[in-house]
Amino acid sequence: MTRTGSLALALLLAVSAPARAQAPPAPGTAPIQADDERMLPVLASHGMVSSQEARASRVGVEILRQGGNAVDAAVAVGFALAVTLPRAGNLGGGGFMMVHLAARNETVAIDYRETAPAAATETMFLGPDGEPDRAASTRTGKAVGVPGTVRGLAEAHRLYGSGRLSLVDLIAPAERLAREGIPVEAGLADSLPRASGLLGQWPSSRAIFFSGDRTLQRGETLVQRDLADTLRAVAEGGPDAFYRGPVAARIAAAVQGAGGVMTEADLAAYRPETRLPVRGTYRGYDIVSMPPPSSGGVHLIEILNVLEGFDLAGMGAGSAAALHTLAEAMKPAYADRATWLGDPARTRVPVKGLIAKPYADALRAAIDPERARPAEAVKAGDPLPFEHTETTHFSVVDAEGNAVSNTYTLNFSYGIGLVAEGTGVLLNNEMDDFSAKTGARNAYGLVGGAANAVAPGARPLSSMTPTFVFRDGRLLLVTGSPGGSRIITTVLQVIVNVLDFRMNLAEAVAAPRIHHQWQPDVLLAEEGLSPDTLAILRSRGHKVKVGPSSGSANSVMRVDGLLAGASDPRQRGTLADGY
Ligand code: DON
């Protein structure tokens, strides 16, 4: 259906369907408390960092203590995670950083998403049979997008850092962790054996992550000397030390050696983009999030707009009624994503239309409070995989109220598993986020359209959703998550848990989550929802599938004059820490 067609249908339904949604309740009246007798967030008065890896969180807190602002701390955390959380923290990937500057009351979005190399073509991921070749877009050099992280972090520091700390100061802790080594424990010990096949196929990766014929085991030490040297080069020479010269030459050679088309010229040409965030409102709160080429902010706001017309608080957290409503609100957003979203430099994304309240009214009117709507007919394929966390999100707030919400990634855990020889840099497989072919699904089961076709220099469509929530112009919440297609609904549920269900931040992050992405037509549920709730959802027509958890929504919230931090208990080794 065309865009005009789907909007017209939605508006028609809005007029003809009985108004089932209830009027929005007054913005929550129960106070949000910093402390209570339930699962508790960490509290601090000056600054807070919540990330997926404890050492990196502590690096960020130390930078804040030294007088760095939230951006300085975030840049240091970003470099540290490349060392301590190598499956997702990275120099060889890309991401998005939302920055809030309290004194200027300004929020900006830094897009340091990877780009397609100049020699990329629309059909590069089609096999001889004309069908998508998943191996090519996930496991070979062709999968690698031009990395954005180093220029992105350096640009954040240059534009929005405090000016009190240099890149050398911010990279030094990461370099030390890489050179001295870190014990293999927690999330690292969990993820390495799972990535053994991917890493083990490349001698340069084996040399770092293996001991003999197996990945490093719990209790052994991960030393990354080449990575330490690359970090030192960037600290001293700035991002050009990564994008030009020997490091760039080695990255291009590694990618080409693995069958890819990236050149040194592609690396030299890479630029991050500073963008205006996408903005919406929800029950009197302002939602400020990542615009295209992420679909995250647009669809977060689209879904919240639909939910605003329902009394979720009255239904109750975890109730079948609330979960049904959430699932039905998610479906049309993912249908829109498949059609409309792509790189705004190459396709006109109808952001305004998608986040308009009247559009949400129409979508809401089409929701049956008693019955699940079947997803539109697309051949049911392989069931949606439950992905382990591979991207990573961290949130930082400083004493002045500046804040950073950053999500970055190699796409899969450890990307394609290939370390560019001599650099310590693991390479991403972000090219799989393009649509290999209209209607084809990517690794997350997401359907893609022409708007997200591969093209030279294009940025692949993302779901990453680094987000701020404000109340009366004052920052309330910083959140985001990994999880592939489930990122948007993870962020959504953290927000709804806080704003509608009045959970404290620790509970909001920990509460079991659901996910529906329209196609495949499956309602994914984490463990922890009651069997009778699931039975009610099934009786309403939902194809419920209970599976492992997803996401790592490491978040910070301002409450009662304090900072509350919560790291996601779904991963080992996460930490919210402050001072
Ligand atoms: O940008 C995106 O949407 C994906 N590359 C994110 C991948 C991800 O979150 C993997 N972790 N579960």
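Each residue, glycine too, has its Cβ placed from N, Cα and C.
Nobody curates TrEMBL annotations by hand; they come from automatic prediction.
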Open item on the list: Please identify which of G130, G141, G480, G484 is recorded by TrEMBL as part of the L-glutamate site containing R113, T409, L410, N411, D433, S462, S463.
Closed with: G484
- [ ] Identify, in sequence order, the residues in the chain of T391 (active site, nucleophile) that are 6 or more apart from it along the sequence and have a CB within less than 8 Å of its CB; answer 'none' if there are none.
- [x] A88, G95, T407, Y408, T409, L410, N411, M464, S481, P482, G483, G484, I487
Task: Cβ neighbours of S463 (L-glutamate binding site) where a neighbour is any other Cβ within 10 Å - done: 30
Open item on the list: Same chain, not part of R113, T409, L410, N411, D433, S462, S463, G484: whose C-beta falls within 8 angstroms of the C-beta centre of the L-glutamate site? Give them in sequence order.
Closed with: G94, T391, E430, P460, M464
Open item on the list: Applying a 10 Å Cβ distance cut-off over all chains shown, what neighbour count does T409 (L-glutamate binding site) have?
Closed with: 32
